[in-house]
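According to TrEMBL, the feature transmembrane segment maps to 12-32, 44-62, 74-91, 143-170, 226-249, 264-279, 286-306. Per TrEMBL, the feature domain 'Cytochrome c assembly protein' maps to 68-314.
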Amino acid sequence: MIFSTLEHILTHISFSIVSIVITIHLITLLVDEIVGLYDSSEKGMIATFFCITGLLVTRWIYLGHLPLSNLYESLIFLSWSFSIIHLVPYLKNLKKQKNRFNLNAITAPSAIFTQGFATSGLLPEMHQSAILVPALQSHWLMMHVSMMVLGYAALLCGSLLSVALLVITFRKFIRIFSKSNNFVHDPFSFGEIQYISERNNVLQNTPFLSSRNYYRSQLIQQLDLWSYRIISLGFIFLTIGILSGAVWANEAWGSYWNWDPKETWAFITWTIFAIYLHTRTNFKSVNSAIVASMGFLIIWICYFGVNLLGIGLHSYGSFTSISN
């Protein structure tokens, strides 16, 4: 009873803190002068991390095994993974007071989405943890499932950064394209076109636009760099998770690989991000960002979509059991 009450309290505290962090982040987007709000949002994500950690530890002690045996526990662990990924750039740039890269725009909404769905009343029965099936009563449960979920979280964050990179990059091209359509459909005289061209040249040479283009370029570089770093980290976790899962499958089912839906989509996810890493190393960042954006959808199919089928050797990975 005590553990259940403590778990309930920590769940609501962490959800409330993340909600406040998102509100603070929206305010900072509108009012840049309020510098103290930035530190408040950072501290909020740290508090969220400790609350979810306490929730997982409480459930671990209560159940006697790592809480990764059903969809509810998996989503809570995914939310915890988002919060710990947020701390990576924060701790790295802790001594830097300026130009710190803020992942709140990615990690906070991701954490509140996963935790909100997990604690919603859509499927209240998944909050209860049943006795582990014999196949899950193994020390490989901690290694395999934790690595897979950490990999999913890192790859999702990195993919969202790549999506943001594409949005910023293509905004300029969309603006140019819309202007070109105006030139085609609207009757301009030669003098008007020459005037607009000269005005644009003057504006591009002004310090304000030069500064804006500089900061946009710096932002794109930061997005590309952190997307690459986080996806690389997630790719390592995913690789370890797949390899440990293969060893566990051999012990439980007598075969390292069985090509059931979960394994197949895990392999597709691994392949997509292997292509991303190759593209990021040899081509422009926009090309790799497109691949990572595709990977964002593939991850959700692998993590969540396959579980809707409820078939295959991972059939206990449906809404009433494990989701690795």
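Each Cβ is built from the backbone N, Cα and C atoms, and glycine gets one as well.
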Within-chain partners of the transmembrane segment (143-170) [C-beta distance under 8 Å, separation at least 6 from its ends]:
66, 68, 74, 77-78, 81-82, 85, 103, 105-107, 110, 216, 219-220, 223-224, 226-231, 233-242, 244-245, 248, 266, 269, 273, 285-286, 288-290, 292-293, 295-296, 299, 302-303, 322, 324
Please work out the mean pLDDT for the residues of the domain 'Cytochrome c assembly protein' (68-314).
77
Mind checking which residues of the chain, 6+ beyond the ends of the transmembrane segment (44-62), have their Cβ under 8 Å from one of its Cβ atoms?
3-4, 6-7, 10-11, 13-14, 17-18, 20-21, 24, 73, 76-77, 79-80, 83-84, 86-87, 90, 104, 107-108, 111, 115, 129
Tertiary contacts of the transmembrane segment (286-306) (same chain, 6+ residues out, Cβ under 8 Å):
152, 155-156, 158-160, 162-163, 165-166, 169, 224, 227-228, 231, 261-262, 265-266, 268-269, 272-273, 275-276, 279-280, 312, 314, 317, 323
